[in-house]
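As annotated by TrEMBL, compositional bias 'Gly residues' applies to 471-483. According to TrEMBL, the feature compositional bias 'Basic and acidic residues' maps to 492-509, 522-532, 540-574. Taken from TrEMBL, the feature compositional bias 'Low complexity' applies to 510-519. Taken from TrEMBL, the feature compositional bias 'Polar residues' covers 577-587. Residues annotated as compositional bias 'Acidic residues' in TrEMBL: 1086-1098. Annotation comment: TrEMBL describes 465-595, 1040-1098 as region 'Disordered'. The annotation repeat 'WD' is assigned in TrEMBL to 75-117, 763-799, 806-847.
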Amino acid sequence: MAWRFKASKYKNAAPIVPKAEACVREICVGSYQTYGNNIAASAAFMAFNWEHSGSSVAVLPLDDCGRKSKTMPLLHGHTDTVTDLKFSPFHDGLLATASQDCLVKLWHIPEKGLEQSLSDPEAVFSHKQRRVETVGFHPTADGLMYSTAAGCVALFDIAAQKEIFSNNEHPEVIQSASWREDGTVMATSCKDKCVRIFDPRAAGSPIQMLAESHQSIKDSRVVWLGNQSRILTTGFDAARLRQVIIRDIRNFNTPEKTLELDCSTGILMPLFDPDTNMLFLAGKGDTTINYLEITDKDPYLIEGLRHTGEQTKGACLVPKRALKVMEAEVNRVLQLTSNMVIPIMYQVPRKTYRDFHADLYPETTGYKTELIASEWLNGTNQAVPKMNLDPAKREHGDEPIIPRLGPKPFSSNTGDVSFDKVFAVPVAPGSHENISTVGQEICGDAPTGSSKPDLIVEIEIQKNEPTVAGNGNGNGNGNGNGNGMQKSLTTSERRKSSADDDESSDKIFEQNSESSENSTEGEDRTDADLRRFSAVRSSIAERRRVYESRSKSQVDEKAQSPVPLRRESSKIEPLKPSQQVGGNSNVIPAGGIDSKRISVPEGKLLEEHRGQRGNGAGLKKSATEAAFSAASTKRTSTVFGKVSKFRHLKGTPGHKSTHIENLRNLSRQIPGECNGFHANHERVAVPLAGPGGKIAIFELSRPGRLPDGVIPSLVNGSNIMDFQWDPFDAQRLAVACDDGIVKLWRIEEGGLNEPTNVPQGELTAHLDKIYFIRFHPLAADVLLTASYDMTIKLWDLRTMTEKCALSGHTDQIFDFAWSPCGKLGASVCKDGKIRVYNPRKSETPIREGNGPVGTRGARITWALEGHYIVCTGFDKVSERQISVYNAQKLTAPLNTASLDVSPSILIPYYDEDSSTLFVTGKGDSTIYCYEITDEEPYICPLSHHRCSSLHQGLSFLTKNHCDVASVEFSKAYRLTNTTIEPLSFTVPRIKSELFQDDLFPPTRITWSATLSAEDWFGCNDKSAAKVSLKPEGMDTLSSIQQVPAPVKKPEHTQFANKSEYETNKQQEIQKSVSARMEYNTKLEQDDMEGVDENEWQE
């Protein structure tokens, strides 16, 4: 037993905490409910969550220190909290981040760190509407990344940018995963209280072993102990004591060692160094970091010196090659606190630090590997070569090990291949480089075929740059001057091209009829040619093949997004006869200053191109011109999905002087079908707790602190089920009670001064409780009520009579929404059905489909002028979700977005002018924002707004109360436990002094009645009028970006004289340039003092 008392070299390793000046200080870190460590480090950088929302990531050099500014460059890549982040073990500048927004993103950190904020990742991988919990890299294969979401384990080949493995056999959420050092298998810990050994390459089920682990469903972690046959897990037992368990996979069901620690609530994050067998346990929320040494015999865990300091938010280990080996630093822990990053150095005491102590530094895993993802997946195992940390045996001696900031260069025949060229974001559709590359791929090995109709062609309309188009040999040889677009001209090149009179070699558009006639692919060739203008984006794998082949036509220019494109008057012009035969160059104006993007379905261009080939005539009105007129409602195409003008919307709470404070005694017993809070532009209604069904009315014109004492209220005498302001009368409030009676109250000018129990009118609507009430959006005095008797009734409030009743529901009715036209209505029911009614023509639904399967509650609303229906609800596991349906086909949702698990019902509000959907629930602190589109994916996430406190309700005002001068496109009031706060949603714009007419189209008048109840019940429908929100005296944004009308072409365009065509173009360019450019013909010599005329004569 003497071995038990043998002293370890690392037994006395002591934590050394630097002074505050040597730490990263004054950072902003929140508390995040994630399974990640919230911080990661490579040999060059550190990365950690930023701000309380955690959706941004700060990246700093590893040796950075000092105070940090709140405006420092960040990675703004996710719309929700970043759950995990890891650096590649082979590339110190390659960072992977996972988020609750269901995405995994790859980032390339420049060698000098972040000099400006980044929002465009190198690659994006999706987990199909499932929150991503963990992410990481394979320990031996370069370019192989894993991530977990719910019970799914997925592997991604980064080079091919595709998912190569996916497994969903875990029954619950995977809380942690760790690879064996040799990369053969991985271990996972799951919420089902089990730990598993997982082999993705195994035939059959990848789960090779399973054993019961910690007996609490709280967070658990697993780490593989290097290359040993043992794993270590941390978690909680049934009594919620923190545990550490060591298992040997050769006897997996029986723990080798179980260590119980304390009853703290923070999960222990295990940080293990396989070279020294040092284990660090940092608990989230703890102020201590435990150091233990792991042995292969009893007692297995030997406790070392404990560090006590700041409260821990996250922790990670620094790679061994970044350590200060000449100071006997054997490990370094980066401790993330609420406002600091503290590098804790673990040093082994030695008499002298002049020499390298080789006994402390065994050879460690290197950072170079020859194994790639595809080889590993096919069964190849290859260990990463070891490296020596002795400075005398390094390539550069005592100098720091030069970090690898990019991936292993792919083999190429000519030229070098940089990170940006191989792993750069696929170029934005419509950019010169992308069109050239796609054209080459089509001419080369890439298969051709008909394009998908839902692809988008992005066209940017700009002004003031003449660009030259030339003849092209579109014969598919991949020549640089062939089919495709080249880089835009620089200023010097434009001057040269002007001087050479259209002899520039840079070409932008070529269309050669001769090549089309010689094509052997028929109509598919035509489609392939047109795909140069499409949004088809080459994947990283395709780009890799292109770079390996390195054809002469490869454009070496770095990807640009967006690039200068054409303005409206320079869209695809009809081909001149001289172009079709001789292919001479023609000047085509291109943009250079103010741009505007429009989206055109690729199918339209295909049809037009085919029509052009069929009749030989030019395009009289191209799809791009048609789309320009509808640019305000179309979305543009980007690299990884859709982008919107409202993408970066910003929610701003009103100043404290506009708040109503000192609210008290709010009711918490309002049914789920009621929104619990309703406001108009003059006053708000808030239910109060206690008997009598009281509703307090507060005047928005009198903000401030409410006096103590009795709050004046409306006393209804029965429990309140729902209430709503009349949309056309700011003084009338309808309140539904559990006795089946709807009470109509009129609030006098100046508001309530004392409690009252005398309503203006009473409507006995049902014999049972009422679920909810809804006013008609266009007709005055039309009210809808839904009751426990599973019927919906429509009432004329002028005569207090029932007009019609709707049936067909078989269970509790959750919600009902009127269509924008006011003719139809949609309901969602507890029986899992969505029904569409035409109340004036049929008592039964005219369409029916499947809705949310959860029975907790649901909401429904219409979108996109009544063509789509949006429904919020729950799935089988009580996860909140948003579904979009085609209003004509309710069989299945077009797309469903999952949010989180929460008991509160998502209440939607849809702004039809911006197509923005706001959803939030009672007790939430986040207002989720999405854009609803008529093309995939139908639900596009925008920037969510996170409030400083929980809210109990949210109510939006009509469009005419928005401050459009401040680019405010939506305004709401938010109810918290003690306040009512205004909330403004704006869009950042540079020229905010102009009326942003692209954001504010003419809006429907919904604040005054369009027709009377008599007209509506008599089927005398009338559309709501529209009004412009432009304030008087404001100039519009489009007025300074006015695009000249295109020159009208005669019917015989293709037989027109070329010189006349060129003349028109030249005149148009000269006018455009003259209008924009400032020039001065005065010379510098004119201001100089000259000599007298007589002196010249002498």
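In case you wondered, yes, glycine gets a Cβ from its N, Cα and C as well.
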Statement: Grouping DSSP H, G, I as helix and E, B as strand, the residues of the repeat 'WD' (763-799) number 0 helix, 20 strand, 17 coil
- request: Report, as numbers and ranges, every residue of the chain located at least six residues beyond the repeat 'WD' (763-799) whose Cβ falls under 8 Å of a Cβ in that stretch; write 'none' if there are none.
  value: 671, 673-674, 721-724, 726-728, 734, 736-744, 805-807, 809-818, 820-822, 825, 827, 837, 839, 1006, 1009-1017, 1022, 1024
- prompt: Using DSSP, how many residues in the repeat 'WD' (806-847) fall into helix, strand and coil?
  reply: 0 helix, 18 strand, 24 coil
- prompt: If you average pLDDT over the repeat 'WD' (806-847), what do you get?
  reply: 94
